[in-house]
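First comes the structure, then the notes that go with it.
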Amino acid sequence: MKVQTSQPRYRWSLNGTLINLGLDRRRRLSGGNLIISNLDRYQDVGMYQCMAYNTVGAILSRRASLQFAYLDHFKVHTRSAVSVREGQGVVLLCGTPTSSGDLTYAWVFNEYPYFVQQDSRRFVSQQTGNLYIAKVEPSDVGNYTCVVMNSITKGKVHSSPTSLILRTDGVMGEYEPKIEVNFPDNVPAAKGSTVTLECFALGNPVPEITWRRANGVPFPSKVKMKYSNAVLEIPSFQQDDTGGYECVAENKMGKNTAAGRIAFYAKPQWIQTMKDTALAIEERLYWECRANGKPKPSYIWLKNGQQLLSEGRIHVEDGVLSVSVLTLSDAGMYQCVAENKHGIIYFAAELMVLASPPDFTGNVLRALLKAKAGTTVTLDCKPKAYPTASILWKKGNLITLSPDGTLRLANLSKSDAGSYTCFARNRFGMSSTTGRLLVTDPTRIIQGPVDMEIIVGESIVLPCQVSSDPVLDVSFSWAFNGHLITNGDGHFELVGGQRTAGDLMIRNIQLYHAGKYICVVDTDVESLSAVAVLIVKGPPSPPDSVTVEEVTDSTAQLAWSPGRDNGSPISNYLIQTRTLFTVGWQRVNAVPEVIDGSTLTATVVDLNAWVEYEFRVLAKNSVGVGEPSPVSVKTRTEDAVPDAAPGDVGGGGGSRSELVITWEPVPEELQNGESFGYIIAFRAFGEVSWTHVATSAPGASRYVYRNESIAPFSPFHVKVGTYNSKGQGPFSPVVTIYSAETEPSGMPAGVWARSVSASEIEVNWQALPITPERVLGYEVVYWEDDTKPETMGKVRVHWNHTSVTVHSLAGNTQYFLTVSAFNTAGTGPFLPAINVTTKKPPPAQPPLNVEWTLIGSQLSLYWEPVVAMESESEVTGYQVSFSTVASNSTAELSLAENDDDYIIRIQTLSEGGLGPASDPIQIHKLSKFGFHRVEVGEEVLQETVAEWESLT
């Protein structure tokens, strides 16, 4: 209930007396703050407290103390001299003037700024301000001045000097320590504060000060000793630091002890408070507050700033306040106050006492309530009424009293449906509310999801179909392993779309889709669910921790740990390997040959020696092969003697007196070790012993043996072997090769050439007679002239050819040509060059303005003659690419009669070749027949069979 309240107003008191701000010009309010001008040390010192009040009530603030720091001057008078014997202890009194605030003390010896330096013999107490000298020495004679400083005002005052003189009647003898500076029997300390204890003794010899705890526990590292142990400092004081402390002063004459306790104290702190409360008239109020603190705090209760005492309906005991049979006058602001000698705290709460007739605003019966037959329904009548209202229910002529306002209808049937009215009454008035109850048939799940086993990647539909009362609103939702499924997930889709079906489709099922699926059906009156467990099977997860445990030159023993089987037992494992020399991962042989699913070790065999391998393992089950394991560390097999010989051993060629031997190098992965090389062995035909030569280049593929005694083209037996740091490997099979031969010494004769067309020259020569050297063939070299080396070309033909046509030449161009014989040693001497000029190119212009007539089967063609340019070959005729060639600009053709269409083109003929074709001519109603080409000019007739291109 909201209550309108007025703005607060404020009053201040000083030392319990109300401050009359109307008569006080130095004090004024700003908001709730008290502002004091021209502070006066005597008038303004004391305890302040604020009261805030409005129409609801009043509360007091915590108390605030205002103190003034000051330090008065010492009284001006001459201090008496202090006379002591040498070796005697002495105390020089400071006589601190009146003051307020923390003070610090120091002593000046003779004159400023020579301060007394504290050591084991001299001590300035910050508690008393006095100077203590444990044992006086002659050097101590002089004047001493006490200096006092206020830590807040920073003011400083000096006492009159005190003279210290030595008596002349002897020296003080040795005596036991006498403790002059001590600490109280009980020292209170707050949590987190710094506690300082002082202890100093007079004595001869100078006493030694030590500290200890009464319980014998050693001091923690935070404890500090200062000024030759005269001061014990405990920073950040905690509960564990409480207890007895002892100071021991000792010299050879004896010892003395001072003892006291440090007591832990804490200001009150709330551990339980009340809160704003609204109660109906005549109800009972019970509030309790609790605070901790040391010593234990006491409690008082305030109402509107005034202390409450137990009287009549009000009972106050410790931190409990109870008020029976509340009246409107009990409303107001209450405060619980907890206090001990170290502090006081306040907590405030408002009590509202309410009185009103019944009111159903915001709490009326539902206009229509649906409930399932056979269930129990509860109708609540909860009006706001102060005091509490009496309740009765009415349905038709049936009236029911309800002490708590609740009407409970059990085992509902259709007859319970209807309108229900609740009447509420108290001494301030009456009110009512009405609602209608509709009883529905139960909802049933007629087809729900069932437990299933599914393979990864498949898709399924989990059904969820219901029958329900048509007046009910039905909604479906699905949960997977306790989490609600939404359509935003790419794998899930709710596909029911009807009030009786809420099926769930799961697409492309993955392993993580295994688990519990719940279809939840919600209606206006109930919630149902159906559960199914989905088991997803997939290929096994990758094996793990693949290690190589033992390695030889051809085997490696592997071990691994299994991955998850993903719903189907692992049937077997596969091992793959990779090296720098393989393309991707390769399956390898292993022992056992088939590694079953219970075996986690295997020996990989048939590896190459001295090769660095990586291994991985794959698991297989009834679903398929899983992902591979992480790759093992790279492991090198042991080295071994080579077991592979070079391949493709051969040779021949080279220069005079050379034997060229070639082979296919052994791949690096087959070299089996370090320091790999080749052994080349050869011997001439008819010899028995072999000549051996070694090369340490593992990539070598050729060796040349030079010796002037080697005859050209003589046969040799050759073989090539291998070796490495472990020993010699096998040799290749023996092959026969020939030493280098010499180039042919003879030159072809009868060389002549002719231009065949604008781009071709035919070259002819006579074959060489038998020569000492072998002739493999002939080479024709041609070029335009010596200034154009880029135009040079050559053509080679077999030894049994004596002519060749050079193609792709430039038209109307002079070429130089020469012919020589060649073999493996090179080419022989060239003939002197001859020259031939290619023919002019054919006319570039095609026949134009082609016309034709067709009478019956007789086709007549007409076109404009083509005139060749000076740089072109003369026109010698025309080619009609149908059946005849005309020497004139006309042609007549006889065509068979049929229904096909044909295309006819016309080209020029010249010694430079065929010119470009005319535009195509389409002749209708012609058919397929034999292709005829007639070159009229040279009276040559050629016939070939062809299929004419038809147009539609």
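Including glycine, each Cβ sits where the backbone N, Cα and C put it.
Worth saying up front: this structure is predicted, and the values here are computed from it rather than measured.
Quick look at what TrEMBL lists:
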type   : residues : note
DOMAIN : 1-67     : domain 'Ig-like'
DOMAIN : 72-163   : domain 'Ig-like'
DOMAIN : 177-263  : domain 'Ig-like'
DOMAIN : 268-352  : domain 'Ig-like'
DOMAIN : 358-440  : domain 'Ig-like'
DOMAIN : 442-529  : domain 'Ig-like'
DOMAIN : 542-640  : domain 'Fibronectin type-III'
REGION : 628-656  : region 'Disordered'
DOMAIN : 645-742  : domain 'Fibronectin type-III'
DOMAIN : 747-841  : domain 'Fibronectin type-III'
Best-contacting stretch, by C-beta pairs under 8 Å, relative to the domain 'Ig-like' (358-440) and drawn from 1-67, 268-352, 645-742: 268-352
DSSP helix/strand/coil residue counts for the domain 'Fibronectin type-III' (645-742): 3 helix, 49 strand, 46 coil
Per Cβ pairs under 8 Å, the stretch of 1-67, 268-352, 542-640 packing most closely against the domain 'Ig-like' (442-529): 542-640
Counts by DSSP class (helix H/G/I, strand E/B, coil) across the domain 'Ig-like' (177-263): 3 helix, 51 strand, 33 coil
